[in-house]
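Novice: Quick one: this structure, given as structure tokens, is what I'll be asking you about.
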């Protein structure tokens, strides 16, 4: 071993994907933006040793390090004298996980694993995405955010406050990774259906980016979660001694806007104009405004508006295969008129226009109910978004009355009002139409407009149901069993992000979210529809995300949105070459020898 080191040995890692600081196996297609062919992988020195390796979640393998690796990395003796495969480590984690009584405890186990061993964390998630998604994201992540101060273990992500204005570029330089391709940012004002959680909202960007990798295969080292802390108006948090954020009322107005402007500019200055920035859980007052302000200037989108719209429209398009008619034959009533409702409505209008329906006629098919009743022309204090969908109709106060008058084919709940779809509403829907569409999309489960069981029972199994949070299968008295579809945004944003990153897309038009919806709907088989599913099983989500990414990439090149040239001939192979794998890196010595005469020792 000593002789090997003396002949030019370097400690390296054998790579498995591109864009990593470690040496990995060459991908089937190059991951560089130029798309040029690369030669054989060259050794890259691994500079970390000892505790710096075992405490680095990107490098740590726990007891999966071989004896040779332990000796060369200076960690022999720092790990128990046992050698485990990743499969055995997975089994060990699963046994401990299954012994936990609460979902919050399970969440904590997974997050601490992510902090300790990133590869094993994603091996666990990808082993059963359907099982773990409700834990790492909705609905459990909402509970985790509410208890963030109590469960806080280790900082993850970048916390930028209103007091850091003027210095955001410096703060970004503190982040240990330079090759960031995706940022998820929130200001914590509207976390799921739970309201203002301030700094506790960091759990959302962390959870979203975990799904970027688990569902889409985006390299986690290229992802950055960000919390913009401008204060909180949640009095309970302001009184909480465990609260980890700024303890003052939210800063608004020009100072807030200046912070956002500086943040967007600093991110693109540091990581490039192609860096994807996903806005998450901003309040209605800011969500639309910031989307309209930045969408044509930066590579960004708002998941609550555009992601929710895409997954909801995907469910509706799949439902058309059950109702056996066209989108233009349907009338929609929304419970809620916030960012999610408006996003869905706008994308529905686009889909209707694609069917040949004029925009003015398409808008007439969409009725919205907010806290003050039906949105109608002439009603005071309507913002620009609501004015677009205001109907020429007398005022109506309740959702039940609107449903009776309009007789919609579909009702869509996105207002986080638990139980809003009453038995009377469901009975009316079932009496109006043979196959009524009922989407209870609010998160978390406690905020759902109705349960799957209630919908199927009241409509005698004729309701076409989808929800935002997961519900178990329902068996009716006649023996029929339905498996409700979950309209989870995770069907959308990982694939879109992967496609955007792959093509270096500068701006993300709404057409990308419509083609994503169409692709998701195509993934639903007739067997799934017969079971009540409007979405493909979550177990297939990585394959779905890959096909979405390829569609996005193809659209980008056809419409001159991509910035990487030349265009890859085999887009699927190219995207596959970028996908992160949770397989462990193999650390090895890069050994070689000089010619004997070159190594001869000179003597006096």
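Cβ coordinates are placed from backbone N, Cα and C, and glycine is handled just like the others.
Take a look at what Swiss-Prot says about it:
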REGION    28-50  region 'Disordered'
ACT_SITE  137  active site, proton donor
BINDING   190, 304, 443  NADP(+) binding site
ACT_SITE  208  active site, proton acceptor
BINDING   280, 281, 304  divalent metal cation binding site
MOD_RES   371  phosphoserine
Novice: If we count other C-beta atoms within 10 Å, could you say which of the recorded positions 371, 443 has the fewest?
Specialist: 371
Novice: Filter the recorded positions 137, 208, 371 down to those whose C-alpha lies within 10 angstroms of the C-alpha of residue 304 (NADP(+) binding site); answer none if the list is empty.
Specialist: none
Novice: May I ask for the distance between residue 190 (NADP(+) binding site) and residue 281 (divalent metal cation binding site), taken between their Cα atoms and rounded to an integer number of Å?
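Specialist: Distance (Cα to Cα, whole Å): 5 Å.
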Novice: Just going by other Cβ atoms within 10 Å, which of the recorded positions 190, 208 has the emptiest spot?
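Specialist: Fewest other Cβ atoms within 10 Å, among the recorded positions 190, 208, is found for 190.
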Novice: DSSP three-state call for residue 304 (NADP(+) binding site): helix, strand or coil?
Specialist: helix
Novice: Compared by Cα position, which of the recorded positions 208, 281, 371 is the closest one to residue 137 (active site, proton donor)?
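Specialist: So, of the listed recorded positions, the one sitting closest to residue 137 (active site, proton donor) is 208.
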Novice: Rounded to the nearest Å, what's the C-alpha distance separating the residue listed as 'phosphoserine' and residue 443 (NADP(+) binding site)? Just drop the number here, would you?
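Specialist: That separation, Cα to Cα, works out to 18 Å.
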Novice: Determine which residues of this chain, when 190, 304, 443 are set aside, have a Cβ within 8 Å of the centroid of the NADP(+) site's Cβ atoms, and list them as they appear in the sequence.
Specialist: 191, 192, 193, 281, 308, 339, 340, 416
Novice: In the same chain, outside 280, 281, 304, whose C-beta lies within 8 angstroms of the Cβ mean position for the divalent metal cation site?
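Specialist: Nearby residues not in the site list: 186, 190, 191, 204, 279, 282, 287, 302, 303.
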Novice: Under 8 Å Cβ to Cβ from residue 280 (divalent metal cation binding site), same chain, six or more residues apart: give me those in sequence order, or none if nothing qualifies.
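Specialist: Expected: 184, 185, 186, 204, 205, 208, 302, 303, 304.
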